[in-house]
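Engineer: Quick one: this structure, given as structure tokens, is what I'll be asking you about.
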Amino acid sequence: MRIPFIAGNWKMFKTKAEAIAFAEEFRELYKDTDVQTAICAPFTNLEALKEAFAGTEIKVGAQNVHFADEGAFTGEISVSMLEEIGVDFCIVGHSERRQYFGETDETVNKKLKKLFEGPIRPILCVGESLEERDADKAFDVVGGQIKADLEGIDAADVKKLVIAYEPIWAIGTGRTATPDQAEEMCAFIRKTLIELYGEEVSDEVIIQYGGSVKPANATEIMNMDEIDGALVGGASLKPKDFMEIIDF
Ligand SMILES: O=C[C@H](O)COP(=O)(O)O
């Protein structure tokens, strides 16, 4: 059975002091719900957040990782570095990384394989641009990303995967996909997983929607049949807003 999963993605926001202040306020507001909760923060905040959320159900995630074990890769962070501080999740293939930092389906695939060697669960982001949606290519694009990103990955690993459907045109724009649009694509992603891995495996995969999720639209999105959770950018920066979303 899939547990609803709502994760915040802080992107490049919050210094360590700001992260600790958030955590203190959020712990006060946080009520145990049936929703799994995580904050994906900048690398510099991960250790402090693990400490701040110790003894709670709140998980911590990174936003990127390198696929090599170690090496001369200036500025990069390895999976074992994240494992050492107990990181629970790691976003892979966010559209901002694909768009601004040269992330490709090939590097996403390598990162997923490396993460699946250990306990950190990947949150794989997929989604189409506005041009692609307008050209009726959204399903081809997302289906193609999933097939390429999961190339050569075992069914046993896929069961631990979280997929976030994030239409690029809905990220940080205030323009949310309609619940029907989000539902339709999340259903298509599930169907693609069934084709690749069968129903039993596909049933385990959590599929989130991301793109301008906020307290005002969280209930409607979370109540859709095919949507198991949300990946929340801007609204996860404020403890009260993020808690309202979790408490949808
Ligand atoms: O990873 C989160 C998404 O990019 C959504 O960001 P947003 O909620 O600010 O639109």
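A Cβ is built for glycine as well, from the same backbone N, Cα and C atoms used for every other residue.
The substrate binding site feature in TrEMBL is assigned to Asn9, Trp10, Lys11, Gly172, Ser212, Gly233, Gly234. As annotated by TrEMBL, active site, electrophile applies to His94. According to TrEMBL, the feature active site, proton acceptor maps to Glu166.
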Engineer: Counting all other Cβ atoms within 10 Å across every protein chain shown, which of the binding-site residues Gly172, Gly233, Gly234 scores highest?
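Structural biologist: The largest 10 Å Cβ neighbour count belongs to Gly233.
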Engineer: What are the sequence-distant neighbours of Trp10 (substrate binding site), meaning same chain, six or more residues apart, C-beta distance under 8 angstroms?
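Structural biologist: For Trp10 (substrate binding site), the qualifying residues are Ala19, Ile39, Cys40, Ala41, Pro42, Asn45, Gln63, Ser236, Leu237.
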Engineer: If you run the three-state DSSP split on Gly234 (substrate binding site), which class comes out?
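Structural biologist: In the DSSP reduction, Gly234 (substrate binding site) maps to helix.
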Engineer: With respect to ligand 1, which members of the recorded positions Trp10, Glu166, Ser212 satisfy a Cβ distance under 6 angstroms to one of its atoms?
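Structural biologist: Glu166, Ser212, in sequence order.
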Engineer: From the centroid of the CB atoms of Asn9, Trp10, Lys11, Gly172, Ser212, Gly233, Gly234, the recorded substrate site, which same-chain residues not already listed sit within 8 A by their CB, in sequence order?
Structural biologist: Ile171, Val232, Ala235, Ser236, Leu237
Engineer: When DSSP is mapped onto helix/strand/coil, what comes out for Asn9 (substrate binding site)?
Structural biologist: strand
Engineer: Let's check the environment of Ser212 (substrate binding site): how many other CB atoms sit within 10 Å of its CB?
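Structural biologist: Taking all protein chains shown, Ser212 (substrate binding site) has 21 Cβ neighbours within 10 Å.
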